Amino acid sequence: MSKIFVDACLRKETPYTPVWMMRQAGRYLPEYMEVRAKAGNFLNLCHDPEKACEVTIQPLDIVGVDAAILFSDILVIPDEMGMDLEFIKGFGPKFNDPLETEADLDRLIGGEEAANKLTYVYETIKLLKQRLPEDKALIGFTGAPWTLATYMIEGQGTKTYNICKKMMYSNPEFLHRILRKVTDVVKYYMVKQIEAGADVVQIFDSWAAAIEPGKYDEFSWKYMVEIAEYVKEKYPEIPVIMFPKGVAAFIERGGVYGNFDVFGVDWGTPMALAKEKLGEKYVLQGNMEPCRLYSKEATTQCVEAIQNVMQGEGHIFNLGHGILPDVPVENAIHFVSECQRVSKK
Ligand code: CP3
């Protein structure tokens with residue numbers, strides 16, 4: 001049976017434009033909160049394939065999206081490379097041993113050996129393959145090396161990225177060594193997710209906008225492209241989605257290149273600009289401002305405007321970044337059904 005989401009990624013004819021939401025499994029769903037409470041904490045939930053599988057499927061049943069995204073986190077990668085990760089309630093992720101010296105980096109496990117430690121992720125994918133309806137696609141994912149490196153270097157989320165940027169401008173060789181090591185793990189990680197059963201993979205570069213446009217290729221995009229091209233060479237039929245958030249200036253100056261299938265458009269980038277610059281080469285995903293979900297009217301207006309630009313051509317509906325925890329579930333359901341309504345052929 002064909003999967004409408006995979007078909008759309010490959011620019012095949014579909015009955016309507018498929019839709020999913022970044023961070024669709026999570027705290028806005030009371031059913032998620034229940035499973036997380038049983039798991040004890042967020043990382044336990046990521047490590048438990050049965051429970052991770054359950055929360056992956058929740059948004060399909062409750063919200064009606066056309067694809068599932070593996071429940072995990074981008075930061076399990078540096079965690080399994082040997083860093084000490086904690087998720088602190090009300091604060092977010094924290095590495096207790098951020099990378100400061102060459103020796104800190106050399107201590108970390110690299111390559112296939114690190115990717116092999118993420119067994120719970122592959123187990124979750126295998127369970128999902130048995131339990132997902134045949135017409136729903138499963139999206140695997142990773143963080144981009146740059147976004148992962150920001151947490152590995154700063155130890156936590158940051159507003160200024162000053163520690164990473166100090167390294168970028170005063171010791172770029174060391175930053176490149178970190179990015180190289182992470183890239184080499186992620187290449188294996190992506191292929192292993194696909195071999196476990198992921199139908200599509202997405203690379204999240206959530207903190208792309210922290211890099212000035214003229215440096216973005218050097219410190220992030222080229223590593224993302226290397227990962228995408230490694231996947232496409234081994235599995236040409238598996239769609240790869242790139243999501244660099246906040247890169248309108250990089251798109252405008254013609255910086256986007258590489259062998260992948262879908263470009264995820266963030267909410268700060270006009271869909272018409274993305275279509276003009278990228279629409280011929282790549283299917284576009286996105287890009288409603290996630291806060292529009294607080295209002296059903298604002299949601300419908302935006303869904304119609306996006307549909308007017310894309311006219312169902314080479315398009316997947318999504319938010320321009322993740323859904324927030326205090327969005328009413330019924331508004332998320334409204335978004336999904338509006339996307340399906342306006343694009344029905
Ligand atoms: O439904 C899905 O999208 C799948 C699961 C998923 C999570 N994290 C679960 C999660 C995915 C794809 C991610 C990716 C992720 N994680 C990114 C890239 C995507 C993006 O939104 O930009 C980033 C930057 C992270 C790192 C991370 N994880 C942060 C900064 C935080 C804390 C902030 C927050 O949203 O709470 C997390 C925790 C996290 N990851 C939660 C979930 C459901 C919340 C944990 C909880 O249950 O309290």
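Positions of Cβ are set from backbone N, Cα and C atoms, glycine also.
Non-local neighbours of the domain 'Uroporphyrinogen decarboxylase (URO-D)' (18-27) in the same chain are 4-5, 8, 33, 55-56, 58-59, 63, 65-69, 71, 139, 204, 243, 290, 316-319, 321-323, 325, 332, 335-336, 339-340; each lies 6+ residues outside the stretch with a CB under 8 Å from one of its CB atoms. Annotation source TrEMBL lists domain 'Uroporphyrinogen decarboxylase (URO-D)' at 18-27 (among others).
The number of other CB atoms found within 10 A of the CB of ARG27 (substrate binding site), across every protein chain shown, is 15. In three-state terms derived from DSSP, ARG27 (substrate binding site) belongs to neither a helical nor a strand segment and is classed as coil. The substrate binding site annotation in TrEMBL covers ARG23, GLN24, ALA25, GLY26, ARG27, ASP73, TYR151, SER206, HIS321.
Less than 8 angstroms from the CB of ASP73 (site 'Transition state stabilizer') sit PHE42, CYS46, PRO93, each of them six or more residues away in the same chain. Taken from TrEMBL, the feature site 'Transition state stabilizer' covers ASP73.
Beyond the domain 'Uroporphyrinogen decarboxylase (URO-D)' (139-155), the same-chain residues lying 6 or more positions past its ends with a Cβ under 8 Å from any Cβ of the stretch are 5, 20, 67-70, 72, 74-75, 77-78, 83, 93-99, 125, 161, 163-164, 167, 175, 178-179, 182-183, 186, 189-190, 193-194, 198-208, 210-211, 219-220, 223-224, 227, 241, 244. Per TrEMBL, the feature domain 'Uroporphyrinogen decarboxylase (URO-D)' maps to 139-155 (among others).
Within the set ARG23, GLN24, ALA25, GLY26, ARG27, ASP73, TYR151, SER206, HIS321 that the record links to substrate, no two Cα atoms are more than 22 Å apart, and one pair reaches that distance. The secondary structure of ASP73 (site 'Transition state stabilizer'), as reduced to three states from DSSP, is coil rather than helix or strand. Listed binding-site residues: ARG23, HIS321. The one with the lowest count of other Cβ atoms within 10 Å of its Cβ is ARG23. The Cβ of TYR151 (substrate binding site) lies under 8 Å from the Cβ of LEU75, PRO78, PRO93, PHE95, GLY157, each of which sits 6+ residues away along the same chain.
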